[in-house]
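TrEMBL lists 18-541 with the feature domain 'Cytochrome oxidase subunit I profile'. Sequence annotations record features per position, and here TrEMBL assigns transmembrane segment to 34-52, 85-109, 121-149, 169-190, 202-235, 255-279, 291-312, 324-350, 362-380, 400-420, 441-461, 481-502.
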Amino acid sequence: MSETLAAPVEHGEPAGFWRTYVFSTDHKMIARQYMFIALFWAALGGFFAYIIRWQLAHPDTDIPLLGRPIGPEEYNAFVTMHGTIMVFFVAMPLLLASFGNFLIPLMIGARDMAFPRLNMLSVWVLALASLILIGSFFVEGGAASAGWTGYPPLSAKPAYTGVEWGMDLWLLALALEFGSFLMGGINFLVTPMNMRTRGMGFFRMPLFVWMVMIASLIFLLSVGPLIAGAVMLLLDRNLGTSFFMAPGGGDPLLWQHLFWFFGHPEVYVILLPALGAMMEVMTTFSRKTIFGYRPIIIAVIVAGGLSFVVWAHHQFISGLDPRLATPFSVTTIIISVPFALIVFALLATLWRGSIRLATPMWFAVGGLAVFIFGGLTGIFNGSAAVDIYIHDTYFVVAHFHSTLFSSLFLGGFAAIYYWYPKMFGRMMNEALGQLHFWGTFLFFLAVFVPMHLVGVGGMMRRIANPGQYEFLAPLAGLNRMITMSTIFLLLSQFFFVFNFFWSMFRGRPAPENPWDGTTLEWTTLSPPPHGNWPGEVPRVYHPPYGYGLPGASEDWVPQHRPLPSGAAPRT
Ligand code: HEM
Ligand SMILES: [Cu+2]
């Protein structure tokens, strides 16, 4: 791309504490801010998972750490907030916003984002949304409790849940969060479109950049109807309209359509950056060019497009016209085709590679394995006939956690362990990293594999006390085992927390390129200075993953070095 655009951006070197750490326009500082917001919320979301699980295993007893029992109303609030937090305040800020911000300029060879002030605004709007969501716990009636999907009529009439302000604040917090990611999304799209360094064609961008661009586009295109829906719900709650209330002529199903038209694409907004990070890690640690670079991009675009026509698979038994069930089943099953292609491409990348099993690679491979598993159970949910039996059971809960946990946490940890040296200038401890991986991976399986059995055994989701149902009595032992495993899963995270903060101050100083990566972020200092490269921005000579090239002196050629004559990386 043109040299002028890659020249230093207009905002100068930051000066002083406030401009450097708080109101920063530097994409790398903004990325760290997003990361800390996400990690704060992850701790709270995880704590809520523990509260939920404790209540399910030992209903109505004192919850250790909380120091008191919770009733069914509060249980609903914890489930709602757990889901809301994990999806909107952990997954998107961490995968899309933090890594998107940190990596896009570094990977494409730009000195910052296209719109640095908009970037700063987006993180502060998210911070405001976070404060409002926290505030909603302390208002009269407590926090929202209509589920993360906020279905009316439950969400439309305060009398149904006893939640007054909490629900309005929930809607407001989400509206602000959406606004924040719309602003972020503009940067994630415009920056790679306009600010690539010389030689960086679109098909020479690392896959992570592609994934963030496609995720941002999906988000931009799907969120509008839900914002309209949220305004209508606010009006129903506060001004007596009846968009979603049957007695006044409204239709609660309308909300479900608006929500899931956004909701299904939204899971890809979470998934794609995670997959992108896993791809970067896998190619580096198997020392092999990614298999099928272009087919992967095309498959993701196809899956992204299809994600707009599958939404009613969440509504098979909602009173939807049964003639609609078949088309939505079919589109849902079709969407597994591009994903199967991506999975095979990744397996082919690993195949016969010289695999280096460091912590990022463990998380990436573990994440891929769990994602495959979660994708397979999705086929059952997507088939309308089967879904009649498993809808709203713990089978569904187990399915979506397999895909979401593998994206958010297994993919997210792969990304953190991989790029931490670049982000913070120090290496993380490898032994602690591997302990963290095995604790997380094995206890994840111990929580969510048996959960499928509980679901097939008939246990419904969103119930506060399974002890009230005689037919669920045989599942009590499994439920206690799942809760025990949840506690160990959460305890395993202390390996990470300690490693993360300890390494920041005590870790071995990171070299520029600790993993022998080929993409541009590894060509500058760790951490990169303001403006990203101390001297000129490097230019690019070939596609991103130059591993194992014949004629090269090492097993890799970085993107900013010309290829040895005769070598051409496959794309
Ligand atoms: C520590 C690991 C986790 C455990 C033990 C856990 C456990 C649970 C449980 C027991 C429920 C209640 C299910 C119900 O009654 O419907 C739930 C709901 C949910 N979880 Fe998790 N979860 C974990 C991590 C995650 C992650 C990583 C995500 C997303 C990225 C997530 C997203 C959700 C969502 C969206 C709901 C639905 C909330 C609702 O029904 O309104 N969870 N989780
Ligand atoms: Cu869906």
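Placement of Cβ uses the backbone N, Cα and C atoms for every residue, glycine included.
Among residues of the same chain six or more beyond the transmembrane segment (481-502), those with a C-beta under 8 A of the stretch's C-beta atoms are 39, 46-47, 49-50, 53-54, 56-58, 413, 416, 420, 428-429, 432-433, 435-436, 439-440, 443-444, 446-447, 450-451, 454. For the domain 'Cytochrome oxidase subunit I profile' (18-541), the model gives a mean pLDDT of 96. Put simply, of 34-52, 85-109, 121-149, 324-350, 441-461, the stretch with the most CB pairs closer than 8 A to the transmembrane segment (362-380) is 324-350. Contact counts against the transmembrane segment (121-149), taken as Cβ pairs under 8 Å, peak for 255-279 among the stretches 202-235, 255-279, 324-350. Residues 362, 366, 370, 377, 390, 392-399, 401-402, 405, 409-410, 471-472, 474-475, 478-479, 481-482, 485-486, 488-489, 492 of the same chain lie 6 or more positions beyond the ends of the transmembrane segment (441-461) yet place their CB under 8 Å from a CB of it. Among residues of the same chain six or more beyond the transmembrane segment (324-350), those with a C-beta under 8 A of the stretch's C-beta atoms are 275, 278-279, 282-283, 286, 288-292, 295-296, 299-300, 302-303, 306-307, 309-313, 316, 365, 368, 371-372, 375, 378-379, 382-384. Residues 80, 84, 88-89, 92, 96-97, 100-101, 104, 113-115, 118-119, 121-123, 125-126, 128-130, 132-133, 135-136, 139, 143-144, 150, 212-213, 215-217, 219-220, 223, 226-227, 230, 233-234 of the same chain, all 6+ positions outside the transmembrane segment (169-190), place their C-beta atoms under 8 angstroms from a C-beta of that stretch. If one looks beyond the transmembrane segment (85-109) by at least 6 residues along the same chain, the residues whose Cβ comes under 8 Å of a Cβ in the stretch are 6, 27-28, 30-32, 34-35, 37-39, 41-42, 44-45, 48, 119, 122-123, 126, 129-130, 133, 148, 174, 177, 181, 184, 187-188, 191-192, 195-198, 200, 205-206, 208-209, 212, 215-216, 219, 266, 269-270, 273-274, 277, 404, 407-408, 411-412, 415, 419, 422-423, 519-521, 524, 528, 532, 537-540.
Contacts between the transmembrane segment (202-235) and the transmembrane segment (400-420): absent, as fewer than 3 C-beta pairs lie under 8 angstroms at sequence separation of six or more.
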